[in-house]
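Feature list (source: TrEMBL):
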BINDING   D38, A39, D40, Y41, D42, S87, L88, E127, R150, E187, K304, K328  NAD(+) binding site
ACT_SITE  K129  active site, N6-AMP-lysine intermediate
BINDING   C422, C425, C440, C446  Zn(2+) binding site
Amino acid sequence: MPQAAAPADVVERATALRHRLEDANYRYHVLDDPTLADADYDRLMRELEALEVEYPVLAVADSPTRRVGARAQGGFAEVTHVLPMLSLGNAFEQEGETDREKYREVADFERRIEQTLDRREPVFSVEPKLDGLAISLRYEDGVFVQGATRGDGAVGEDVTANLRTVKAIPLRLRGEGWPRVLEVRGEVIMPRAGFEAFNERARTSGEKPLANPRNGAAGSLRQLDPAITAKRPLAFFAYAVGRVEDGELPDTHSATLAKLRDWGFPVSPEVSTAKGFEGLLAYFRKIGEKRDSLPYDIDGVVYKLDDYAGQREMGFVSRAPRWAIAHKYPAQEQMTTVEAIEIQIGRTGAATPVARLTPVQVGGVTVTNATLHNADQVARLDVRVGDTVIVRRAGDVIPEVARVVEENRPAGTVVWKMPEVCPVCGSELLREEGAAAYRCSGGLICAAQRKEALIHFASRRAMDIDGLGDRFVDALVEFDMVHTPADLYSLTVDRFVKMKKLADERDGSTPETVKQGKVATKWAENLVEAIEASKKSTLPRFLFGLGIMHIGESTAKTLASWLGSLDFVRRTPAPVLRVLPDIGDEVATSIAAFFEQEGNQKVVDALLDAGIAFADEGAPSPKLRDRLGLDVLLDAAKVSKLGPKSTGILAKNYASLDALVKAGEHQWIVAGVPQAAASNLTTLLADAERVTELRRADEAMRALAAALPSKTASALPLEGLTYVITGTMETLKRDDATERLESLGAKVAGSVSKKTTGVFAGEAAGSKLDKANELGVPVYTEADLVALLSEHGVAP
């Protein structure tokens with residue numbers, strides 16, 4: 001139905017209101033010169049909103065009322081940068097006596113430009129290096145149409161709706177003369193005052209404060225709900241242009257920034273120009289002196305050759321321009337006192353010592369906590385509660401303890417020791433040989449690891465619960481609806497709707513699921529269906545989804561194909577796990593430790609009780625037959641001087657550990673074992689705890705051996721064959737095709753060689769297809785793959 005036209009006087013009034021409100025935004029957020037009282041601004045905004053409700057035709061894209069839009073569904077779309085958003089090379093202060101020695105990277109940078117352009121003391125545009133999130137803004141005919149993050153420089157995320165809420169970003173350009181298409185690059189930042197105020201409100205309301213202004217800015221722009229972004233104290237500064245169509249810019253960078261100011265963009269007031277090395281260094285020192293008093297964080301300054309012709313001649317190296325460089329400041333430091341040393345458990349279980357500090361300002365930010373990295377670092381610094389320490393913001397973001405002021409150490413301080421148990425769940429803290437960090441062994445039962453465990457469990461390569469992403473998991477954990485992966489299978493539509501309601505109330509946003517007085521539940525129904533569908537899975541996916549340390553997809557497949565069933569995976573001890581391909585001591589210990597945790601076993605039981613089942617379970621692999629024996633057990637025991645020859649003799653003469661023990665040292669020597677080795681073995685077998693471990697491993701081996709298929713049983717139909725899959729398949733995903741081929745005994749490789757049995761090529765097959773043709777490896781179609789699977793009773 002066409003929208004009713006608005007009367008001429010109403011159109012005129014709406015236009016005037018838009019101009020008045022945008023001018024007020026510009027003067028407040030760009031010029032820092034407010035001309036309209038808050039009450040008057042709110043009154044005019046309400047008047048414009050009322051007119052646009054009555055006459056929807058007035059609600060144009062660049063209206064101030066459109067700054068807060070609808071919530072993003074499912075995530076952010078990708079945006080390809082036509083002109084890549086390149087990173088800059090860095091220059092740091094180094095040891096030396098003269099300025100050119102201390103700042104040799106800057107001197108070399110300036111010298112290269114002089115020599116390449118044959119120009120003495122070139123002119124540079126100089127500016128602070130803002131510490132926020134780089135973005136690109138696209139304007140067409142003067143109207144803001146799209147905004148994207150830098151991403152990897154080539155592809156970013158579309159955050160247009162969130163950027164509209166940043167009032168320093170113009171929705172329509174001011175002045176005249178702008179190109180038809182103009183991309184403006186700049187930085188979204190969170191000023192220090194806004195950061196401190198936001199965190200104070202968060203602490204008062206019991207919410208989690210932001211870690212630092214940079215994270216605050218980045219996290220704010222990645223909110224799926226623009227209403228949340230609108231509440232964050234964000235600012236913006238333009239510092240470059242990207243793509244330009246149907247229009248011209250000045251010949252220099254400094255003049256272009258002046259144009260951007262004229263068109264309504266905020267540009268840092270610290271932007272200037274400088275000549276030669278001495279001019280660059282003078283600017284570096286000038287900004288360094290006023291750094292703490294700036295209203296925002298910086299971590300250096302940026303030097304850019306000012307004229308564009310020179311920039312084009314200098315060109316690029318790798319992914320960085322040769323005409324620009326970032327000159328970084330040393331980390332900022334302050335002195336304070338350690339009030340406590342606590343352990344913080346990360347989302348992957350890493351246990352990090354954290355110093356709780358007497359609050360101190362470091363680089364304009366109040367620091368109350370500082371990382372001590374790991375137990376070795378605490379010991380190296382000898383940090384103790386009560387110590388006076390020097391704190392610095394490493395990389396100007398993460399506060400860390402740099403050193404102890406030992407002369408200020410009070411009497412009676414105690415050397416700090418790493419706790420033995422996790423402060424969150426009480427599980428043992430373990431440290432693998434050669435590792436720097438201790439880790440909580442609690443796994444699925446540790447609340448600190450809960451979110452990461454759930455996200456991983458639901459991921460596409462694990463249980464593949466479609467739609468259950470980070471945002472939903474965060475809310476489920478925050479509102480205490482889910483503790484372990486097993487709890488996902490008891491969720492209902494009503495529980496999801498309640499979760500959504502609580503999240504909306506927390507964020508202060510209007511529930512979008514309420515339409516015409518009814519609660520929309522289709523999204524929740526889809527989630528419940530996806531959770532139900534995930535119950536029919538495969539053993540490798542399930543094992544991978546449990547998130548056992550060191551267990552990737554490949555190791556999960558090894559466990560499933562060699563041990564055959566979850567039952568054997570759960571009860572096979574480390575010495576036996578070591579006989580499997582590509583599973584060494586570290587991985588075997590990690591698997592066994594996971595299943596030795598009673599809490600983890602309970603979660604696995606609960607998952608099975610919920611109905612999870614695996615169609616691919618079966619008997620252990622016949623290839624285990626030659627890997628199970630007493631010699632394997634004794635090799636794992638690592639008895640001094642008892643080498644492979646001796647363990648082989650013992651395995652040949654004794655069928656079990658009990659038989660070995662019963663025979664005794666004298667009989668071992670008679671059988672051919674050297675006396676020293678036999679004596680050491682006797683010492684081992686006198687240790688009751690070690691004997692218990694060996695007996696358990698012996699029993700596990702005999703259980704596996706008993707479950708092996710008979711020697712006359714036929715092998716899997718595709719055993720010994722190696723395939724490669726390339727291109728896009730229509731009938732089934734590549735991961736699914738891989739699983740089905742592997743279930744028939746085939747190996748699916750990532751590259752083509754002369755030993756490859758065949759290549760299944762889908763649409764847009766690339767270099768692997770070329771390699772197959774070059775080597776004469778048979779190439780098959782997707783239809784051939786489906787036929788092969790069907791021939792062996794496997795549905796595509």
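Using N, Cα and C of the backbone, Cβ positions are placed for all residues, glycine too.
TrEMBL feature annotations superimposed on the structure.
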| residue | record | DSSP (3 states) |
| --- | --- | --- |
| L88 | NAD(+) binding site | coil |
| K129 | active site, N6-AMP-lysine intermediate | strand |
| R150 | NAD(+) binding site | coil |
| K304 | NAD(+) binding site | strand |
| C422 | Zn(2+) binding site | coil |
| C440 | Zn(2+) binding site | strand |
| C446 | Zn(2+) binding site | coil |
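Of the chain residues outside the Zn(2+) site list C422, C425, C440, C446, I345, G349, V421, P423, V424, G426, S427, S441, G442, I445, A447, A448, Q449 have their Cβ within 8 Å of the site's Cβ mean position. Around K304 (NAD(+) binding site), the same-chain residues six or more apart in sequence whose CB sits under 8 Å from its CB are F124, S125, V126, E127, H253, Q311, W323, A324, listed in sequence order.
Rounded to the nearest whole angstrom, the C-alpha distance between the residue listed as 'active site, N6-AMP-lysine intermediate' and L88 (NAD(+) binding site) is 11.
Taking Cβ-Cβ distances under 8 Å and a sequence separation of 6 or more, the neighbours of C425 (Zn(2+) binding site) in its chain are C440, G442, I445, C446, A447, A448, G599. The sparsest Cβ neighbourhood within 10 Å, among the listed binding-site residues (L88, C422, C440, C446), is found at L88. K129 (active site, N6-AMP-lysine intermediate) is surrounded by 21 other CB atoms, counting those within 10 A of its CB over all protein chains shown. L88 (NAD(+) binding site) sits 41 Å from C422 (Zn(2+) binding site), taking the C-alpha atoms as the reference points.
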